[in-house]
Amino acid sequence: MDARQMKIKAAEAALSHVQDGMRLGIGTGSTAEEFVRLLAEKVAAGLKVEGVPTSERTARLCVELGVPLKSLDELPELDLTIDGADEVDHVLRLVKGGGGALLREKIVAAASGRMIVIADQSKVVETLGAFPLPIEINPFGQVATRIAIEKLAARSGLSGELTMRSSGDGAFMTDGGHLILDASFGRIPDAEALARELNTIPGVVEHGLFINLASLAIIAGPEGARMMQAV
């Protein structure tokens, strides 16, 4: 079973949690896109749902495949969000944002009664940090913000490069018009403390540490999908 097949297995298992009439948060990234494709098949067969996308990319795919969409302002309280992750640990702390949609993903997840994470087994880690941590920043004062993050990292005993994410024609811009610094901190021993400290830096819009948001992770491997519950 290759990586895409494992993503599809996880998405199939997540789809079993979707019920008729649900208001769904729909994530961003390659695994979430497999879920959208499967969801679209169910919608075509008569399933009634309304989705809130976490990115313009996800919105375009949903429109293309016929998944009904609303804005979060129209549906401010959601039943369930299904999204992928770049890393997930044993208590369902996550690193997200590899697809560049971390701010909207976190807003949508927080507006949901439940969040289910879907991923292949390569995303499960003992300690967060091997995947660079995305930090979304305001373009204004970006150098000052970067210095503040570097000082915070040093105080926290973290080292590693901060890399400005780029696209084909320059700096990567999020759907909200922000920049992303990818922080290669390595092992993050206290994710909660780092999350709190990052939130105190004025130029930091959001970060990719998702803590106390996911209630279930569906992890796919060669033997099929397994469930990880929040503890």
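Note that Cβ sites are derived from N, Cα and C of the backbone, with glycine treated the same way.
The annotation substrate binding site is assigned in Swiss-Prot to THR28, GLY29, SER30, THR31, ASP83, GLY84, ALA85, ASP86, LYS96, GLY97, GLY98, GLY99, LYS123. A coil conformation is recorded for GLY98 (substrate binding site) in the three-state DSSP classification, outside any helix or strand. Sequence-distant neighbours of GLY98 (substrate binding site) (same chain, 6+ residues apart, CB-CB distance under 8 A): GLY29, ASP86, PHE131, PRO134.
Here Swiss-Prot flags GLU105 as active site, proton acceptor. Using a 10 Å Cβ-Cβ cutoff, GLU105 (active site, proton acceptor) registers 31 neighbours.
Sequence-distant neighbours of LYS123 (substrate binding site): residues of the same chain at least 6 apart with a C-beta under 8 Å from its C-beta are ALA85, ASP86, GLU87, VAL88, ILE219. Apart from THR28, GLY29, SER30, THR31, ASP83, GLY84, ALA85, ASP86, LYS96, GLY97, GLY98, GLY99, LYS123, the residues listed for substrate, the same chain places the Cβ atoms of GLY27, ALA32, ALA119 within 8 Å of the centroid of those Cβ atoms. Between the binding-site residues THR28, SER30, THR28 has the most other Cβ atoms inside 10 Å of its own Cβ, all protein chains included.
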